[in-house]
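Notes follow the structure.
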Amino acid sequence: MKGLVQFLVAKIILLVLASTFVHCYDPNPLQDYCVATNGTNRVFVNGKFCKDPKLVTANDFFYSGLNIPGNTSNRLGASVTDVDVRRIPGLNTLGIAIARLDFAPGGQLPPHIHPRASQIILVLKGQLSVGFVSSNDYNYTLFSKILYPGDVFAFPIGLVQFHANTGKTHAVAIGVVGSQDPGVIPIGDAVFGSNPLIDPKLLAKAFALDVNIVRHVQRVFSSEGYIVK
């Protein structure tokens, strides 16, 4: 009996020690709030300077405008209105952000990655084809669904994902991410529109393409910015 108790105690201690090494992508707040400020005379924490708590107002936690449709008159036929720490400074250290996604018929957010956050989306209007691809550990498996109003889909952190309007009307969705600043890496923009450009000969070999095709694609991606506001 004594040996069993010692074993259980040792196991609990190991679990507690292991939990201290768990890494959070957005650290937990160390105070009630830590509103972002561009000032340089404050203590630097969690990636942003903190505003003097005595100067914080309700507006630091407020944004108005997600009811306004985004402009989908672009090459992709889509628009993302991000509401992250840059628009709501009170999100600093809270580990969340939200966005409105608008899609014209046939519009899409092409394959991209959020390097610092998992994501969940809720379709409000229209029809969306969404999905993500697993890593090489799981043989690049595609997980995809057709979503309709009221449907929800989750995307793991750091995996390639996409969203496309496969319906005949405009589509609208709300996306929530687990970071105040999740970042976005559109695969096409990063590979073919980097600054400076990657040597087209390297990309031609990597993607088994003619080098002239690579140069053409680079011209397309380097001349147009991504549609995230």
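Just so you know, glycine gets a Cβ as well, placed from its N, Cα and C.
Database features (Swiss-Prot):
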- 1-24: signal peptide (SIGNAL)
- C34-C50: disulfide bond (DISULFID)
- N38: N-linked glycosylation site (CARBOHYD)
- 64-215: domain 'Cupin type-1' (DOMAIN)
- N71: N-linked glycosylation site (CARBOHYD)
- H112, H114, H163: Mn(2+) binding site (BINDING)
- Q119: site 'Probable non-functional manganese-binding site' (SITE)
- N139: N-linked glycosylation site (CARBOHYD)
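All protein chains shown were included, and the count of other CB atoms within 10 Å of the CB of H163 (Mn(2+) binding site) stands at 26. For the pair H114 (Mn(2+) binding site) and C50 (disulfide bond), the Cα-Cα distance reads 25 Å. A strand conformation is recorded for Q119 (site 'Probable non-functional manganese-binding site') in the three-state DSSP classification.
Just so you know, of the binding-site residues H112, H114, the Cβ with the fewest other Cβ atoms around it within 10 Å is the one at H112. Looking at C34, C50, the disulfide-bonded residues in this record, the fewest other C-beta atoms within 10 angstroms of the C-beta turn up around C50. N71 (N-linked glycosylation site) is surrounded by 13 other CB atoms, counting those within 10 A of its CB over all protein chains shown. Listed in sequence order, F49 are the same-chain residues at least 6 apart in sequence whose CB falls under 8 Å from the CB of N38 (N-linked glycosylation site).
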